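Engineer: The domain 'THH1/TOM1/TOM3' annotation in TrEMBL covers 19-259. The transmembrane segment feature in TrEMBL is assigned to 35-59, 71-90, 110-129, 141-163, 175-197, 218-239.
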Amino acid sequence: MGRYGVDEAVIPYNLNGESNWWHDINDSPLWQDRIFHILTALYGLVAVIALVQLVRIQFRVPEFGWTTQKVFHFLNFLVNGVRGLVFIFRRNVQDLHPEIVRHILLDMPSLVFFTTYALLVLFWAEIYYQARAESTDGLRPIFFTINVAVYSIQIAMWLVLWWKYIPVLVIISKMFFAGVSLFAALGFLLYGGRLFLMLQRFPVESKGRQNKLQEVGYVTVICSSCFLVRCIMMCFDAFDKAADLNVLNHPVLNFIYYLRNY
């Protein structure tokens with residue numbers, strides 16, 4: 001009887017110990033630094049790859065100026081480079097005051113990230129309508145209008161929060177980011193899906209058809225999924241303090257959240 005009593009006491013202890021691994025990592029400065037250093041390395045790698053791609057394209061076709069492809073790689077380099085720098089100095093960023101400065105440094109790359117991949121959606125939309133012999137004149141004005149509206153609304157909220165910290169406005173700001181992410185996910189599904197179906201109708205022997213078909217399919221699924229996950233996580237972040245992404249003591253959540261961008 002005594003033996004069973006000891007075993008019964010050990011089992012809850014072990015279960016409790018296993019359930020605490022999340023808190024042990026989150027509360028460990030060593031693990032916090034390790035996770036942010038890993039993110040720095042990953043984002044730095046993507047920034048270098050984007051820069052190499054940009055330089056290669058520039059040397060290959062210097063006469064075309066700033067094409068959509070070049071701007072895409074430049075923005076990719078910019079957003080990943082800045083994000084990597086923020087991760088290197090994450091502890092210093094956490095101590096910045098007023099608090100809104102920290103939010104701006106952490107969230108501004110997300111706005112540029114949205115612009116970067118909205119540019120890819122624009123590129124696909126232009127290919128789709130050109131292939132159907134339809135006008136693409138209105139696409140770029142729509143792209144610029146959407147981006148100006150997104151940046152204007154978010155910057156306006158940041159300025160208000162700088163002037164006076166309003167907790168409700170912080171929630172609205174996070175929900176706005178969630179809405180922008182959902183909008184981007186729908187854009188990828190709409191034009192990625194349309195382009196994929198159009199490529200499927202091309203003759204099987206078309207040069208590069210299979211590669212392009214796979215490329216559009218993979219990118220559509222990955223990007224729409226990433227923006228959808230971002231939308232969901234931002235909703236949790238807005239209403240649940242335990243899911244706050246802008247703090248040091250949630251490194252595991254930060255790793256999951258930022259890895260989906262990678």
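Glycine is treated like the rest: Cβ placed from N, Cα and C.
Heads up, TrEMBL stuff is auto-annotated, nobody curated it.
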Engineer: Considering only Cβ pairs under 8 Å, which range in 35-59, 71-90, 110-129, 175-197 makes the most contacts with the transmembrane segment (218-239)?
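Structural biologist: The stretch with the most close Cβ contacts to the transmembrane segment (218-239) is 175-197.
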Engineer: With the transmembrane segment (35-59) as the reference, which stretch in 71-90, 110-129, 175-197 has the largest tally of C-beta pairs below 8 Å?
Structural biologist: 71-90
Engineer: Looking only at residues six or more beyond either end of the transmembrane segment (71-90), which have a C-beta under 8 A from one in the stretch?
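Structural biologist: Distant contacts of the transmembrane segment (71-90): 32, 36-37, 39-40, 43-44, 46-47, 50-51, 53-54, 57, 105-106, 108-109, 112-113, 115-116, 119-120, 123, 248, 258, 261.
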